[in-house]
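A short write-up of the structure that comes next.
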Amino acid sequence: MANEGDVYKCELCGQVVKVLEEGGGTLVCCGEDMVKQ
């Protein structure tokens, strides 16, 4: 579950995202789960 303010990074392409609104599920980029920083 992604919480507001969390930062996630894709280990394949390096894209970084910051969560603005809490929600369920997983963040995915390039077909892989993103890693919480």
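Cβ atoms are placed via backbone N, Cα and C, with glycine included.
Just so it is clear, the model here is predicted, and its values are computed rather than measured.
Per Swiss-Prot, these features apply:
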- Cys10, Cys13, Cys29, Cys30: Fe cation binding site (BINDING)
Residues flanking the Fe cation site, with Cβ no more than 8 Å from the Cβ centroid of Cys10, Cys13, Cys29, Cys30 and excluding those residues themselves: Glu11, Leu12, Gly14, Gln15, Glu32, Met34
Proximal but sequence-remote residues of the same chain as Cys30 (Fe cation binding site) (Cβ under 8 Å, at least 6 apart): Cys10, Leu12, Cys13
Proximal but sequence-remote residues of the same chain as Cys29 (Fe cation binding site) (Cβ under 8 Å, at least 6 apart): Cys10, Leu12, Cys13, Gln15
Binding-site residues: Cys10, Cys13 - member with fewest neighbouring CB atoms within 10 Å: Cys13
